[in-house]
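Worksheet for the structure shown next.
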Amino acid sequence: MAKAPMRVAVTGAAGQIGYSLLFRIANGDLLGKDQPVILQLLEIPDEKAQKALTGVMMELEDCAFPLLAGMTAHSDPMTAFKDIDVALLVGARPRGPGMERKDLLSANAQIFTAQGKALNAVAKKTVKVLVVGNPANTNAYIAMKSAPDIPAKNFTAMLRLDHNRALSQLANKLNKPVADIEKLVVWGNHSPTMYPDYRFATIDGKSVKDSINDAAWNKDVFIPTVGKRGAAIIEARGLSSAASAANAAIDHIHDWVLGTNGKWVTMGIPSKGEYGIPAEVIYGFPVTCENGEYKMIEGLEIDEFSRERMTHTLNELLEEQAGVKHLLP
């Protein structure tokens, strides 16, 4: 018997990431090749954006995806989020010329407060929320705080792009297939301060740290390369990374819903005080997923260098949080 369709909301649906994301969702990459989906697409109530969204929907129709059971266009989150199972919050206010980070935070606080309230009002209480739009961790925190009736654990931020970027850098360094690397961790904020940590990682069962055995490469090449990869792509392409961000969003939700088979992945999730990270801070942690739930990998040893890096990225998150506290409900 065919499965009942799942409802997936995507915000910023006519944007660059949306364009890379929607066709893959409709093709079954997000929730499985036997799972029909209904897309509920949100764009800003601007004539140009809504017209662009119509064009994207025309293209989606023209793909004749067997799993696409329906789609609707919206300019109001109160209708876009009705009865949804999954929310991909991609749309966010980009940083314009001369804009301070605090201006960016407050502009996004308004968007994500409204979206959190709408999720609280009309989405399923079991909705799985992934925030992609930057600053992703803090935007997820704002949405979570604006939706008191949805469990906090259902709000996540995307660290998977950093995770995947780190995996590919390690694979290149070791000249091995990327799929052979396991147990990589990315701690903290989705920003250049995040800390990719391969101390526990294995390749073909052997320690990645021992195989590389180069602390200077870790500190001076690996960590900065992963941290500044987004900027390097803008420099090369003239546009921000959209397809790789969409791919990471698909990986994140796919694994959360369908499981990781014991493999470690990185998700930005609300802390419960693990690893000395204050409760409710949305922070990149290592997790495994099964039966639609993620579970943190606990008890990993934190050395002095790692603690320093983890505190540095935490301080940035706490600063962002402090910057939006007065805007929260």
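Glycine too: its Cβ is placed from the backbone N, Cα and C atoms.
Look at Swiss-Prot and you will find His190 tagged as active site, proton acceptor, backed by sequence analysis. The NAD(+) binding site annotation in Swiss-Prot covers Gly12, Ala13, Ala14, Gly15, Gln16, Ile17, Gly18, Asn108, Gln115, Val132, Gly133, Asn134 and is backed by sequence analysis. Residues or ranges marked as substrate binding site in Swiss-Prot: Arg95, Arg101, Asn134, Arg165.
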Notebook entry, point to check: Taking the recorded positions one at a time (Arg95, Arg101, Arg165, His190), which has its Cβ surrounded by the most other Cβ atoms within 10 Å?
Noted result: His190
Next item on the list: Sorry to bug you, but what's the C-alpha spacing from Gly133 (NAD(+) binding site) to Arg95 (substrate binding site), rounded to the closest Å?
Entry: 11
Check: Among the binding-site residues Gly12, Ala14, Gln16, Gly18, Arg101, Arg165, whose Cα is within 10 A of the Cα of the residue listed as 'active site, proton acceptor'?
Finding: none
Notebook entry, point to check: About how far apart, in whole Å, are the alpha carbons (Cα) of Arg165 (substrate binding site) and Gly133 (NAD(+) binding site)?
Noted result: 18
Item checked: Rounded Cα separation (Å) that holds between Gly18 (NAD(+) binding site) and Asn134 (substrate binding site) -> 14
Check: Taking the Cβ of Gln115 (NAD(+) binding site) as centre, how many other Cβ atoms lie within 10 Å?
Finding: 29
Notebook entry, point to check: Between Gln16, Asn134, which of the binding-site residues has the fewest other CB atoms within 10 angstroms in the structure shown?
Noted result: Gln16
Margin query: Under 8 Å between C-beta atoms and at least six apart in sequence, can you list the same-chain neighbours of Gly133 (NAD(+) binding site), or say none if there are none?
Written below: Thr11, Gly12, Leu89, Val90, Gly91, Ala92, Asn108, Ile111, Asn139
Item checked: Distance from Gln16 (NAD(+) binding site) back to Arg101 (substrate binding site), taken between C-alpha atoms, in Å -> 22
Checklist line | Pairwise C-alpha maximum, in angstrom, for the residues (Arg95, Arg101, Asn134, Arg165) that bind substrate according to the record | finding: 25
Check: Cα of Asn134 (substrate binding site) to Cα of Gln16 (NAD(+) binding site): how many Å, rounded?
Finding: 14
Next item on the list: Let me know how many other Cβ atoms fall within 10 Å of the Cβ of Gly12 (NAD(+) binding site).
Entry: 24
Next item on the list: Would you count the other C-beta atoms found within 10 angstroms of the C-beta of Gly18 (NAD(+) binding site) for me?
Entry: 25
